[in-house]
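Colleague: Below are the structure tokens for one structure; questions will follow.
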């Protein structure tokens, strides 16, 4: 099995990745929205938009 990030052979302690670096790259991609689970439900899309707008306004009002 090869690492989905870089294509190297995987290591058991980081499977399905080859290293902590590649595992972290994958995590960041999920966290910043590069990866997403598709949805065709209109309600899911509306909720996601509302949550994103709320989070954005909370960050603007934060002191730092």
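Quick reminder: no glycine exception, Cβ is built from N, Cα and C everywhere.
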Colleague: Scan 17-40, 41-64 against TrEMBL and say which stretch is down as region 'Disordered'.
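Modeller: Based on what TrEMBL states, region 'Disordered' spans 41-64.
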Colleague: Around the C-beta of residue 18 (Zn(2+) binding site), how many further C-beta atoms are within 10 angstroms, looking at every protein chain?
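Modeller: Result for residue 18 (Zn(2+) binding site): 20 other Cβ atoms within 10 Å.
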Colleague: Can you give me the residues near the recorded Zn(2+) site, meaning same chain, not 3, 6, 18, 22 themselves, Cβ no more than 8 Å from the center of the site's Cβ atoms?
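Modeller: The answer, listed by sequence position, is 2, 4, 5, 7, 8, 10, 14, 17, 19, 21.
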Colleague: Please report the three-state DSSP label of residue 3 (Zn(2+) binding site).
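Modeller: The three-state answer is coil.
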Colleague: If you count the C-beta atoms lying within 10 Å of each candidate's C-beta, which of the binding-site residues 3, 6, 22 ends up with the smallest number?
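Modeller: It is 6 that, of the binding-site residues 3, 6, 22, has the fewest other Cβ atoms within 10 Å.
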